[in-house]
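Database features (Swiss-Prot):
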{"type": "BINDING", "residues": "Asp62, His64, Asp90", "note": "Mn(2+) 1 binding site"}
{"type": "BINDING", "residues": "Asp90, Asn122, His171, His246", "note": "Mn(2+) 2 binding site"}
{"type": "ACT_SITE", "residues": "His123", "note": "active site, proton donor"}
Amino acid sequence: MGDVMNIDSIISRLLEVRGARPGKNVQLSEGEIRGLCLKSREIFLSQPILLELEAPLKICGDIHGQYYDLLRLFEYGGFPPESNYLFLGDYVDRGKQSLETICLLLAYKIKYSENFFLLRGNHECASINRIYGFYDECKRRYSIKLWKTFTDCFNCLPVAAIVDEKIFCCHGGLSPDLTSMEQIRRIMRPTDVPDQGLLCDLLWSDPDKDTMGWGENDRGVSFTFGAEVVAKFLQKHEFDLICRAHQVVEDGYEFFAKRMLVTLFSAPNYCGEFDNAGAMMSVDDTLMCSFQILKPADKRKK
């Protein structure tokens, strides 16, 4: 691989479009993107699959290729390394600029590997992003081979994080198979996301106020879980809060089960079809949580 990767140059080109008309692309070379995938994959594998992080940090939910909204999040929260970040997955698909989005996130991971963290979402999986837009974007702008390189990278992402032993973070939610944190630590990477079981549930399950215990999930994958499941899980592991993403919520964040769980969603005006706000959660060093909101853009005059 002849490309020497200049990470600072890559980041500065990705940030050059700040203030440009939303939708302007940044076309890195295919070799540079391959380099981002390979180097970040190395780093993911050198760090645990269950991250143990320290506050202060900012936690973000789904981005889904809404690159200009990702830039707005950083403008609001502080561009790395000004703030520490944990993203909860779903970087690609649905939005128009999955490539810029994932490239900036991987570049920051490489440059600030101890202060910038990315978890795996259910869309960081070949069978899903083959269908919902990322494959087509890779094929149109680069090559199918590059999409496969991303798959190899995504298969190595960590799947959960614990902040200061008190906040449990993952993309989707809990699993009926999850009884000890050691089970997460034992998941071997690289791995695809299976159709069922612990890893699938961490990336796919949803809280549901009408569910007692565990229920069927309308997604046709994984389960729903009720407030009592959340309470028992927190009590058993001495956690204070579950922080997850995976569902659009109107205000960008939404509590469940008497504030024992929070859903974060960071893509405002999701897909151009919703009027939702986007939010990120700021956790200070005393573990106090506050929310920074990206309001949805005003409906453009037709």
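Quick reminder: no glycine exception, Cβ is built from N, Cα and C everywhere.
Sequence features annotated in Swiss-Prot and their locations in the structure.
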residue: Asp62; record: Mn(2+) 1 binding site; Cβ within 10 Å: 29
residue: His64; record: Mn(2+) 1 binding site; Cβ within 10 Å: 28
residue: Asp90; record: Mn(2+) 1 binding site; Cβ within 10 Å: 29
residue: Asn122; record: Mn(2+) 2 binding site; Cβ within 10 Å: 25
residue: His123; record: active site, proton donor; Cβ within 10 Å: 27
residue: His171; record: Mn(2+) 2 binding site; Cβ within 10 Å: 26
residue: His246; record: Mn(2+) 2 binding site; Cβ within 10 Å: 25
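Within the set of binding-site residues His64, Asp90, His246, the entry lying nearest in space to His123 (active site, proton donor) is Asp90 (CA atoms). Cα separation, Asn122 (Mn(2+) 2 binding site) to Asp90 (Mn(2+) 1 binding site), rounded: 7 Å. Note: the CA-CA distance between Asp90 (Mn(2+) 1 binding site) and His246 (Mn(2+) 2 binding site) rounds to 8 Å.
Listed in chain order, the extra residues whose Cβ falls within 8 Å of the Cβ center of the Mn(2+) 2 site residues Asp90, Asn122, His171, His246 are Asp62, Leu88, Gly89, Gly121, His123, Gly172, Leu203, Trp204, Ala245. Between the alpha carbons (Cα) of His64 (Mn(2+) 1 binding site) and His246 (Mn(2+) 2 binding site) lies a span of roughly 11 Å. Listed in chain order, the extra residues whose Cβ falls within 8 Å of the Cβ center of the Mn(2+) 1 site residues Asp62, His64, Asp90 are Gly61, Ile63, Gly65, Gly89, Tyr91, Val92, Asp93, Arg94, Gly95, Gly121, His123, Ala245, Phe265, Ser266, Ala267. Residue pair His246 (Mn(2+) 2 binding site) / Asp62 (Mn(2+) 1 binding site) shows a Cα separation of 7 Å. Counting only the Cα atoms, the space from Asp62 (Mn(2+) 1 binding site) to His171 (Mn(2+) 2 binding site) is about 9 angstrom.
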